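Here TrEMBL flags 88-140 as domain 'PAC'. Feature annotation from TrEMBL assigns domain 'Histidine kinase' to 157-375. Sequence annotations record features per position, and here TrEMBL assigns domain 'Response regulatory' to 397-514. As annotated by TrEMBL, 4-aspartylphosphate applies to ASP446.
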Amino acid sequence: MDSENTQLSNQQLRSKFELLATDATEYAVFLVDLDGRLICWNVGAEHLFGYQSPEIVGQHFSRFFTPDDILTGQPEYELKTALATGRVESNRWQLRKDGSQFWCHANVTPLLDEHKQTRSFARVMHDLTENVAVKTQRERADGLAEANRNKEEFMALLSHELRSPLSPIRNALNILRQMKTNDPLIEQAGNIIDRQVGVMVKLVDDLLDISRITKGKLRLTKEPVELRVVVNNAAESARTFIDARKHEFSVSLPTASIWVEADPFRLEQIVVNLLNNAAKYTYTGGLIRLSVGQEGDEAVIRVKDNGVGIAPALLPHIFELFTQVDGSLGRSYGGLGIGLALARNLVEMHDGRLQATSAGLGTGCEFTVKLPLLHNHALPAVKTMLKPGQPAGQSLHILVVEDNVDAADSLSLLLRLHGHEVQVARTGPSAIEMAAADRPDLILLDIGLPGMDGYQVAKHLRELPDFAGVTICALTGFTPSEADRQRQHETGFNHYYIKPLSLEILLELCKTIVPASPHE
């Protein structure tokens, strides 16, 4: 009798179910008996799970659960909880007929007969896979954005922390060189220090440049450039490193001018990187050749060496970031694998091409830069660094504002050795007080001061009487962003220098300034 009642109840449930749920395609709906075996299901369930009704009715609904859920008893838990509480909901992975998984929201509700007795359960499901994918992508994008922000902050901090100690080192070295010692050991030690400081500065610069390029934040300032001049400057910049490795270095420049539209600083950086790479990966006493020419409508720069060469398998990847030569050959020469990647990106930003050729390990290699020629260009006027009628080398009254004791003391001592009168302030308020009491000709102002930063100090200084003509220069270990440059302009800085400031630039700066009055 009970079996007949159950069969009758199932038929009644099936009829009601088909009336209510057959056409509900957005939701998968099926009924199971008290043991969890399917009684019937709708078109939505067929679409979602991939089974036709005849092949699934009578099967246990646990076949839709993952093996892990079956082991933990999730199907039985849903029925027991629904029976005890009247409803249960869950979000979990479910299995289709083909074995694929989808993320599903399901709720299970007991169905009662006219005697308030549970005869079956209805399970209603909705596929949330797309929602989960969107959420996952959003979380991944948010995570990448956060990682990029953290990377930018780290790179800025790394730049500052590496550059700041380099300033007093370079200043101290320049002071020692002013002592005019004839001791060759001291001169040799000084040259070593100078080279290694240069290596550190270039390493930091390359790291920051490649970071800005990958984020699309590096901008070129293009102008008509005479290629021979830039290449010759690059050769002189790289010569110290090349000579230190005792290489034979030759430069071949054409007699006729070759003009390109380029950022002269970045173009020189490209050539220096290629020359440094050649010097680094060529055994001591090797040969390095630098040449400039013209092929059709292109200007061509070639850097050739007889160094360790490039393995054929590595050649297609040589311009990828952090790529290095084979460790067995290049361990003693290796760097971070940044220079060539940076050079290629900079060349491409100039609408050019950078190619590498090598016959294999031990055969040397050649790097070729090709840039579009700039035709029919007139020679530009030469810019002068000196103001009209200004004699060079006059003594200036200079205020150095720097909280790093070594950096401040070494910079002030170096300036005094070149005949300038120097005051030192450690904080922003003391700098304002000193400047107001005795107006300087030049203020070298550290941006990262404690408390009142350099921008605030500059703003206060510009508000002092008769300070419109005072030259105020920012010194910082951080590479300035566009916002920094805008703030620099708004607060009245004349120049913005990244540490360590070279002696040559500092002395040229001093030559451009006319003292307000003679200083004793």
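Every residue, even glycine, has its Cβ placed from backbone N, Cα and C.
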Sort out the sequence-distant neighbours of the residue listed as '4-aspartylphosphate' for me: same chain, 6+ apart, CB within less than 8 Å of its CB, listed by position.
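The list for the residue listed as '4-aspartylphosphate' reads VAL401, GLU402, ASP403, ASN404, ALA407, GLY454, LEU475, THR476, given in order along the sequence.
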What does the DSSP secondary structure composition of the domain 'PAC' (88-140) look like, as residue counts for helix, strand and coil?
12 helix, 30 strand, 11 coil
Of the residues in the domain 'Response regulatory' (397-514), how many are helix, strand and coil by DSSP?
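Computed counts for the domain 'Response regulatory' (397-514) are 51 helix, 25 strand, 42 coil.
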